[in-house]
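A.B. asks: The structure is given below, and queries will be raised subsequently.
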Amino acid sequence: MATLIRSKLSNKLSNAATAVSNKSQAKVSGMFAKMGFQAATDEEALGFAACDDLDYDHRQGMQMDILTTDEMGGEASGDGGALDGDSHYQRDGTGPPHSASKDGGPTDELSEVKPKITAWEAGWNVTNAIQGMFVLGLPYAILHGGYLGLFLIIFAAVVCCYTGKILIACLYEEDEDGQLVRVRESYVDIANACCAPRFPTLGGRVVNVAQIIELVMTCILYVVVSGNLMYNSFPNMPISQKSWAIIATAALLPCAFLKNLKAVSKFSLLCTLAHFVINILVIAYCLSRARDWAWDKVKFYIDVKKFPISIGIIVFSYTSQIFLPSLEGNMQRPNEFHCMMNWTHIAACILKGLFALVAYLTWADETKEVITDNLPPTIRAVVNIFLVAKALLSYPLPFFAAVEVLEKSLFQDGGRAYFPDCYGGDGRLKSWGLTLRCSLVVFTLLMAIYVPHFALLMGLTGSLTGAGLCFLLPSLFHLKLLWRKLLWHQVFFDVAIFVIGGICSISGFIHSMEGLIEAFKYNIED
């Protein structure tokens with residue numbers, strides 16, 4: 001009996017000592033985690049093996065979530081059980097772990113199998129982004145740049161293709177076996193990794209602000225071009241360009257109620273076909289006047305004051321870096337990404353160059369900011385109606401993307417959100433969420449009314465955010481994250497792109513602002 005009692009007391013004391021020891025280890029592990037150090041348990045070593053060779057900055061930006069059990073008995077059950085202090089690494093360093101639910105089970109998000117896209121489908125998305133209706137401003141860039149403008153169309157295609165590739169390279173790190181592992185998911189993750197550990201969220205905020213500016217400016221340009229096209233299609237009607245912009249915005253108000261893009265995506269093919277018909281009509285008309293092409297008007301010199309604006313126009317027509325990380329992550333074969341970028345940008349370069357040159361040769365010094373305004377009245381009305389339909393159908397895409405960024409940053413950012421969530425428990429949009437969306441639609445209208453200058457706005461946006469997202473940030477991030485692995489010519493390319501992009505961005509921004517001030521001063525209308 002005495003032996004049995006001593007045995008039970010010994011087991012209880014042993015269990016208690018084990019529990020205390022485990023809790024102590026958990027507290028010490030948690031303390032070191034807060035200080036930025038990483039505790040290495042056997043399970044963690046296995047889970048982190050694929051990312052073992054990450055840069056110091058990225059390791060410092062990672063956090064551990066210490067999972068503890070509520071009952072002491074579960075700590076020493078089975079064959080040793082899971083000890084207090086087991087940690088799960090998070091790549092974004094914020095919020096709850098994405099790899100497990102609160103009870104340790106897998107989340108529904110991970111259990112869903114997302115459909116992957118082929119390289120051709122990815123190329124179609126990139127082509128839609130860089131072959132959009134903003135190519136209608138490229139002949140105006142040739143007007144002020146001549147042959148240098150054509151060279152810039154080619155140069156911008158090469159640089160944007162290269163920066164798209166190096167941006168994707170920043171998503172990967174090598175593991176201990178030398179295999180590339182995707183450790184980041186988005187442009188924001190790359191920016192945050194570059195600014196960690198001192199400012200772990202600064203880079204993401206800068207990228208978010210740039211994305212919001214570019215998306216909102218794209219929406220404004222759609223309203224501007226809709227008002228401009230309708231006004232020039234029906235000049236005899238007693239309706240001003242501003243009034244046409246208001247009518248177009250009234251048709252866009254239902255965008256404020258969008259919860260997803262399923263309804264809008266049905267029109268994407270129609271949108272692309274409309275744009276294809278427009279390009280064919282414009283090029284066919286230009287070819288019919290090939291005898292009168294003004295080759296002597298294509299200059300070898302540039303308009304120093306207007307050409308920087310043309311740079312912004314050309315750069316803006318190539319912007320696609322915002323969604324490239326997501327696109328590459330959804331490809332069935334990510335190793336085909338480089339090939340896809342090559343043929344899409346080569347095709348864009350050829351088509352844009354031919355379109356801009358042929359259109360400029362047809363109208364020469366009379367080339368307008370939106371090239372369809374040069375067409376004869378009968379053809380112009382038909383083409384412009386197609387363009388307005390395309391603009392109105394394209395508006396919801398950047399609008400919804402801008403709303404998502406704003407809602408995630410201001411309303412849904414976990415415990416750091418500045419305002420309450422826009423959605424109720426039943427998924428319905430709350431009043432302040434609807435107010436945000438309506439305010440954004442009205443803001444695009446007001447900007448379109450008071451700044452109705454398509455080329456100047458396009459040049460300003462391209463110089464401010466287009467150059468930043470396509471030239472400056474990718475090259476800077478590439479140097480920061482992969483400095484030790486870059487060859488000398490890669491470093492040279494990155495530095496050269498950063499310097500040239502910075503000069504073009506600053507000069508384009510200054511001259512675009514000067515153009516807008518001059519337009520306001522002399523009350524110049526498009």
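Here the Cβ of each residue, glycine as well, is placed from N, Cα and C on the backbone.
Just so you know, TrEMBL annotations are computer predictions that nobody has curated.
These figures come from a predicted structure and were not determined experimentally.
Positions annotated as domain 'Amino acid transporter transmembrane' by TrEMBL: 116-513. Per TrEMBL, region 'Disordered' is recorded for 70-110. Annotation source TrEMBL lists transmembrane segment at 147-168, 209-231, 243-261, 267-287, 307-324, 344-363, 434-451, 457-479, 491-510.
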A.B. asks: So which residues does the transmembrane segment (209-231) touch in its own chain, when a touch means Cβ under 8 Å and the partner is 6 or more beyond its ends?
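C.D. replies: Residues 133-134, 136, 187, 239-245, 247-249, 252, 319, 322, 370, 372-373, 384, 387-388, 391-392, 394-395, 398-399, 401-402, 405-406, 440, 443-445, 447-448, 451-454, 457-458, 460-461, 464-466, 468-469, 473, 526.
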A.B. asks: Looking only at residues six or more beyond either end of the transmembrane segment (491-510), which have a C-beta under 8 A from one in the stretch?
C.D. replies: 159, 162-163, 166, 308-309, 311-312, 315, 459-460, 462-464, 467-468, 470-472, 475-476, 478-479, 483
A.B. asks: Against the transmembrane segment (147-168), which of these stretches has the most C-beta pairs under 8 Å: 243-261, 344-363, 434-451?
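C.D. replies: Comparing 243-261, 344-363, 434-451: 344-363 has the most Cβ pairs near the transmembrane segment (147-168).
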A.B. asks: Does the structure show the transmembrane segment (243-261) and the transmembrane segment (307-324) touching, where I'm treating 3 or more Cβ pairs under 8 angstroms (sequence separation 6 or more) as a contact?
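C.D. replies: No, the stretches stay apart by this measure.
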A.B. asks: Under 8 Å between C-beta atoms and at least six residues away from its ends: which parts of the chain pack against the transmembrane segment (307-324)?
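C.D. replies: Beyond its ends, the transmembrane segment (307-324) has Cβ neighbours at 125-126, 129-130, 132, 134-135, 137-138, 140-142, 144-145, 148-149, 152-153, 156-157, 160, 163-164, 167-168, 187, 211, 214, 345, 348, 352, 455-456, 458-464, 466-467, 469-471, 474, 504, 507-512, 515.
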A.B. asks: Counting only residues 6+ away from its ends, which parts of the chain sit with a Cβ under 8 Å from the transmembrane segment (344-363)?
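C.D. replies: Same-chain residues near the transmembrane segment (344-363) but 6 or more away: 123, 126-127, 130-131, 135, 138-139, 141-143, 149-150, 153-154, 157-158, 160-161, 279, 282-283, 285-287, 289, 292-295, 297-298, 317-318, 371, 374.
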